[in-house]
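Asker: Before I ask anything, here is the structure I am working with.
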Amino acid sequence: MSAPDTVSPLDLRFSAAELAERRDRIQSFIRDTVAAAGAERCVLGLSGGIDSTTVAHLTVDELGADALHGLVMPGAVSRDQNMSDAERVAEDLGIEYDVVEIDPFVTQLTDVFPDAAGDEVAVGNARARTRAVINYFVANHGDGVVLGTGNRAEAMTGYYTKYGDQAVDCNPIGNLYKMQVRQLARDLGVPEDLVTKAPTAELWADQTDAGELGVDYDTIDAVLAVHVDGGLPASATATHLDIDPSVVETVRDLYGASKHKRAMPPAP
């Protein structure tokens, strides 16, 4: 399933020179992070989506295939196509990878707490946190660093599991809007079917990012760039982007409600 075509309210793509500079900066960041940690390699969860695929390409391009260990971690709600895509990415790049089923871990929880078995959010977040545990188990055993796959749109809207998919050592594409991730992915040679695939966290059945967030990523990017990062008032943002004010409010509310995810745990 591909992401629906949308007309972006704002073009945030880089110029050719800016794209080359940003790609070089990210790849140098990956190299420097690994060196600073004194690590031997990187560990990356592969979902078959654009974000993890882009990070995989960046890492292999900079450090070589031997420096990256991929983990494909399917669960009961994972689409077969996504898992096949994840394995295809690993094989195309020539990296070592393992497939680890996460349901046996999650089932241990629902067996002990059966009343929670029907709680989509609790079980879905447990899936994300289980993947984080597996990432770090492999990284600790192999003297590696865990690479994150989060982008700026996800970070600023809180569209991730706390201590789950953002439990990582670094986020190579963390300062890129989703539109920019797509642009970088194409520049890296990521297959077009992965670039245009509808994003999903696959925390529960038939979940899509746009369906859960209520706004498509191009619009989220635009509101974040103009209103949250740019500081333009909400009403002026709606006028500038020619979108309904309620859309700006939705993105602003997502940003506000997720501030706790972007902060260290409070202490008295």
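Including glycine, each Cβ sits where the backbone N, Cα and C put it.
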Asker: Going by Swiss-Prot, Gly45, Leu46, Ser47, Gly48, Gly49, Ile50, Asp51, Ser52, Lys178, Thr200 bind ATP; tell me which of Thr149, Thr157, Thr237 is listed for that site too.
Answerer: Thr149
Asker: Write down the Cα-Cα distance for Thr200 (ATP binding site) and Glu154 (Mg(2+) binding site), rounded and given in Å.
Answerer: 12
Asker: State the count of C-beta atoms found within 10 angstroms of the C-beta of His260 (deamido-NAD(+) binding site), not counting that atom itself.
Answerer: 11
Asker: How many neighbouring Cβ atoms, not counting its own, are there within 10 Å of the Cβ of Ser47 (ATP binding site)?
Answerer: 26
Asker: Would you say which of the binding-site residues Arg129, Lys162, Lys261 has the most Cβ atoms within 10 Å of its own Cβ?
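Answerer: Counting Cβ neighbours within 10 Å, the top one is Arg129.
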